[in-house]
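Residues or ranges marked as Mg(2+) binding site by Swiss-Prot: 136, 138, 234. Under the heading Ca(2+) 1 binding site, Swiss-Prot lists 138, 141, 142, 264, 347, citing similarity to another entry as support. The Ca(2+) 2 binding site annotation in Swiss-Prot covers 173, 229, 231, 233, 234 and is backed by similarity to another entry. Under the heading disulfide bond, Swiss-Prot lists 25-43, 46-73, 191-198, 246-286, 472-481, 483-514, 497-512, 519-534, 536-559, 564-573, 582-596, 622-663 (among others). Look at Swiss-Prot and you will find 449-482 tagged as domain 'I-EGF 1', backed by sequence analysis. The domain 'I-EGF 3' annotation in Swiss-Prot covers 536-574. Marked as domain 'I-EGF 4' by Swiss-Prot: 575-613. Marked as N-linked glycosylation site by Swiss-Prot on the basis of sequence analysis: 50, 116, 254, 501, 642. What Swiss-Prot records for 1-22 is signal peptide, and it gives similarity to another entry as the kind of evidence.
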């Protein structure tokens with residue numbers, strides 16, 4: 001599968017090139033070549049002298065390469081710095097698994113610089129192995145076997161490497177409730193079997209520094225005694241943190257570092273310390289005193305993420321040797337801790353050597369390429385091209401599995417800066433291995449223009465040419481440094497170029513030259529920008545039929561408003577100046593109840609188009625015309641004395657007119673008038689035709705109504721009394737009959753049932769026998 005790797009690299013490079021070429025140039029407030037380069041990876045700058053025309057801003061020089069070429073900029077005058085990478089290979093004679101040793105990147109904002117990193121797994125690389133064991137009481141059988149493992153462990157390491165060392169440490173838990181029993185007797189001997197000798201509980205004890213002496217390992221481990229605690233989870237993460245944070249005390253070399261973690265139970269993590277009133281977060285520092293973690297009761301347990309970061313920082317690969325019931329738990333843990341493995345430990349730890357060998361082979365055959373923490377302005381992505389044919393693109397870290405000894409694999413690293421950055425460095429390394437790649441990052445934001453030595457006369461002798469643009473001396477401004485400031489600051493000059501104290505100079509469409517706006521020439525054909533603050537143009541008006549102001553034959557655009565010719569009107573000159581469609585049969589425009597706009601009536605409220613007549617479903621103002629109808633026809637009512645003045649706009653018709661609205665209203669004397677309203681042109685103007693006859697209804701008989709009402713009330717009262725009397729009589733009759741029945745059922749004699757006789761007769765039993 002190896003021949004595919006160059007093809008994949010070529011494909012990735014072509015895709016990256018296509019992505020860059022397809023980018024556009026989005027610019028904002030660009031006046032220098034540096035501003036242009038910072039605007040985006042697709043931007044380029046034309047340094048050609050006099051490239052911009054009259055009224056064109058300097059930002060015209062900034063565009064895509066294709067656009068600049070089309071505008072007449074020679075290819076040699078286009079400044080387009082690229083991101084690039086320079087590598088320095090490892091020194092000869094050094095055994096390096098990772099190359100190159102150093103890379104220098106020149107980064108343009110938004111444009112990635114790519115370089116290749118090669119990893120070649122070496123055979124026999126030195127190994128340090130630290131055995132960290134749980135000494136809670138349930139591990140008593142395991143401790144007995146581990147005491148004999150010194151020679152086997154070193155022999156297993158020597159099968160892999162020529163330089164192997166082993167060390168030993170142990171842990172139990174924090175020595176406060178509820179983790180251990182704090183009774184003095186239990187602290188001396190925490191084991192459930194009092195006859196068995198146990199050591200007091202402790203958090204972590206560093207027993208043996210890393211050594212290649214197997215006898216010393218067996219001797220020191222042989223001195224260890226089992227201990228005990230209360231709860232099931234152990235303080236293993238506390239111990240692992242100290243092993244990672246104390247490299248000098250443990251004796252770690254700058255080689256492959258393995259940490260074997262042997263236990264038969266779970267683990268406490270951050271937050272559990274609150275159960276023992278331990279609130280201070282773990283600080284991730286070394287706190288060993290006399291090889292004991294004596295500050296255990298002062299700091300909480302570390303979090304899993306904190307421990308993972310510390311292990312990766314210390315380049316330590318943990319191997320979790322756990323019993324069967326705990327395998328799934330620690331497999332979840334390995335998903336968070338990179339470069340870690342899990343092995344199933346037998347109940348008495350007899351298989352620990354084979355477990356370590358298997359886990360090491362698994363760890364060393366998988367390579368993770370990662371980097372240290374970077375600022376937000378730098379982004380790193382990895383493309384992995386593995387020897388087994390598997391490829392991954394644009395991942396947050398490199399990842400290859402099944403890596404074989406002496407078979408190189410390639411990672412492509414792509415680094416992108418989001419802005420012009422300061423010079424800085426970071427390192428890339430393969431997790432679990434000691435080799436690193438140092439990456440030095442420098443900004444690529446300046447243009448190497450060739451006009452630095454040109455004659456100052458181009459800028460009127462008051463400035464110098466930089467990348468085709470005049471950089472004026474103090475006291476002068478302008479495109480050719482033609483404007484003298486006379487002591488005024490640039491802010492004061494720009495103030496007169498801001499409309500309504502806006503923050504935008506010349507509406508963003510011009511340059512402020514000597515305190516006056518010089519409007520830009522637009523790229524849009526036939527568009528003209530003008531106005532004191534360049535706030536106007538001749539295209540930003542309403543459109544009709546796809547044209548501004550309906551086209552030049554209808555009107556022209558002036559600063560956002562259409563000015564129509566004599567034959568047209570409307571906001572977009574869309575209407576002819578005609579009222580033909582607004583005239584009624586009498587030739588009155590909109591019946592006098594609206595305005596004619598675009599040959600269509602815009603009616604007043606209460607009327608409807610097309611000619612502003614009464615709404616068919618709307619109410620008729622009959623009541624409002626009743627007083628005028630009464631005075632005009634019958635010469636009476638509230639307007640009888642001034643009828644001609646009050647009802648001058650209402651005409652009395654002698655004969656009915658078809659199409660009128662029928663009304664029926666009461667007059668001042670309560671009689672009904674029937675009349676017809678006929679609408680005339682204008683607002684609230686009606687003619688009226690009134691029927692000759694009034695409908696006057698006789699008044700009601702008040703005496704009859706009052707007498708009937710009083711009589712009805714009296715009769716209803718009498719009827720209610722009769723009904724009440726009848727009901728009470730029936731109730732009394734029913735009670736009397738029941739009493740009679742009870743009387744017949746009773747049996748009485750002449751004796752009082754409550755009387756008790758005062759005489760008592762007692763019989764003598766002896767007398768009866770005789």
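The backbone N, Cα and C atoms fix where each Cβ goes, and this holds for glycine too.
Structure coloured by features recorded in Swiss-Prot.
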{"residue": "25", "record": "disulfide bond", "DSSP class": "coil"}
{"residue": "43", "record": "disulfide bond", "DSSP class": "coil"}
{"residue": "141", "record": "Ca(2+) 1 binding site", "DSSP class": "helix"}
{"residue": "198", "record": "disulfide bond", "DSSP class": "coil"}
{"residue": "286", "record": "disulfide bond", "DSSP class": "coil"}
{"residue": "472", "record": "disulfide bond", "DSSP class": "strand"}
{"residue": "501", "record": "N-linked glycosylation site", "DSSP class": "helix"}
{"residue": "573", "record": "disulfide bond", "DSSP class": "coil"}
{"residue": "582", "record": "disulfide bond", "DSSP class": "helix"}
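Of the listed binding-site residues, namely 142, 173, 264, the sparsest Cβ surroundings within 10 Å are found at 264. Counted within 10 Å of its Cβ, the other Cβ atoms near residue 50 (N-linked glycosylation site) come to 7, all protein chains included. For residue 138 (Mg(2+) binding site), the number of other Cβ atoms no farther than 10 Å from its own Cβ, over all displayed protein chains, is 18. Listed in sequence order, the residues 136, 172, 179, 180, 230, 232, 235, 265, 268 complete the 8 Å Cβ shell around the Ca(2+) 2 site centroid, once 173, 229, 231, 233, 234 themselves are left out. Of the listed recorded positions 116, 136, 229, 501, the Cβ environment within 10 Å is emptiest of other Cβ atoms at 501. Sequence-distant contacts (6 or more apart, same chain, Cβ under 8 Å) of residue 596 (disulfide bond) comprise 579, 581, 582, 589, 590, 602. Proximity note: of the listed recorded positions (234, 501, 559), 234 have a CA within 10 Å of the CA of residue 173 (Ca(2+) 2 binding site), given in sequence order.
Listed in sequence order, 137, 189, 190, 191, 225, 226, 227, 228 are the same-chain residues six or more apart from residue 198 (disulfide bond) with CB atoms under 8 A from its CB. When averaged over the domain 'I-EGF 3' (536-574), pLDDT in the model lands at 90. DSSP assigns residue 564 (disulfide bond) to a strand. For residue 534 (disulfide bond), the spatially nearest entry among the binding-site residues 141, 229, 233, 347 is 233, judged by CA separation.
Within the domain 'I-EGF 1' (449-482), the DSSP-based counts of helix, strand and coil residues read 4 helix, 10 strand, 20 coil. Other residues of the chain with a Cβ within 8 Å of the Cβ centroid of 136, 138, 234, the Mg(2+) site, are 134, 135, 137, 139, 172, 228, 229, 232, 263, 264, 265. The distance from the Cα of residue 264 (Ca(2+) 1 binding site) to the Cα of residue 481 (disulfide bond) comes to 82 Å.
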